[in-house]
Amino acid sequence: MQRNREEHFWNAIIWPILWPILLIQAALIVLCMLVGLAVWWMSPTQAPWSTTLWMALALLLGSSMNVSAFLMLVKVRTKQEEAYFIQELDELERHSESLRFSVLQMLPDKKHTLPEISRAPVRPLRRLAQMNEMFSGLGRYIESAQRSRHPTEQVKEDQALLDDIHHQQQQLKRLAAGRDRAREESRLKSGYLTLLQRETDDLNEHLGRILESDECSQCRHQVVDIREHLADVRTLLTNLVYQSVNEDDVTPANTVSNHVLRVLVVDDGPVNLMLARQMLEVHGLDVEGVSSGEQALERQQSTSFDLVFMDIFMPTLDGLETTRRWRAYEQASGKRPSILIALTANADNAGIAGCKKAGMNDLLTKPYQPEKLLGMISKWLPDSAIKALGQ
């Protein structure tokens, strides 16, 4: 670095002045030599001392003039360079002051102070030293401000994270409270339905005792009809209680074989029809439902069913007559016989015998629970995947 500075000083100030001086000095020496040779040629025997003295004085005077000219040129050149240097230094000071003011405005920390540049007339080197000190302080100030700002930002991020965690905890508490309320409401609903089911069972038993007595032979048909509708209500209550208690325990079954069982539910009660379809479809069965015997016979002509749940008491065409026509069509067409299960609330010996005579395979008493419904499928179709669920 020192060598570069010396070369810059030599090339910028000394050399542009020195080479003209050297040329003049060389010309002066040549001139003196020519004068001396001329004198020696004119008087070769002896050279007067006065001539030699004047030649020496002329050479000394010329050298002095060369040195004076050199110094004057150096002074002029130095003043020019100094003026240019002072101009650039002033510009640098203005930019540094603007930078200092901008930094102080941008950074909010006012604890530190930056050294200011003195406006008093000082030497250029001192001004450079002041600027260097100011830039050094500016660097320390920025570094200190950044160090003091980073912990604040980290604290803000940590606080935001804590606030978010607290918000999530509050949401979890609200969800847990809602879940507990839903469980309590479900438990109360299940309790109410259970009590209602008990009352319905007692009423059904009372109707059964009335039906078996001889005192009511004239109103036997009305009692049977009331008992049938009451069985539908009991079925609804039974399935509501079952779904309320075991809604999280039911999972669809995986079929063992590639064949999916096709089941037809025939019931004029829309509630019973809906519940039976839901229970069977949950366990992976292909279920269809119709509300009359005529519709069941129409479906028989287009589709083959593995098992049919048939309600006995239906308007127009009851379950027994529908079963007779179902079996007759199977014999006439040569189709594989379906398993026919009767659904009735009248499960006495006469009712069972009538169902068997019409062509029913079995009888399921209303109200039926999901386990009994699935157990009936497992009984007559033991190779189905419902077997384990039904048991």
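For all residues, glycine too, the Cβ spot is worked out from N, Cα and C.
Per TrEMBL, transmembrane segment is recorded for 12-41 (among others).
Marked as transmembrane segment by TrEMBL: 53-74 (among others).
Look at TrEMBL and you will find 262-381 tagged as domain 'Response regulatory'.
In this structure, Asp311 (4-aspartylphosphate) is part of a beta strand by DSSP. If you look up TrEMBL, you'll see Asp311 marked as 4-aspartylphosphate.
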Margin query: Counting by DSSP secondary structure, give me helix, strand and coil numbers for the domain 'Response regulatory' (262-381).
Written below: 59 helix, 25 strand, 36 coil
Next item on the list: Compile a sequence-ordered list of residues in the same chain as Asp311 (4-aspartylphosphate), six or more apart from it, whose Cβ lies below 8 A from its Cβ; state 'none' when nothing qualifies.
Entry: Val266, Asp267, Asp268, Gly269, Asn272, Gly319, Ala342, Leu343, Thr344
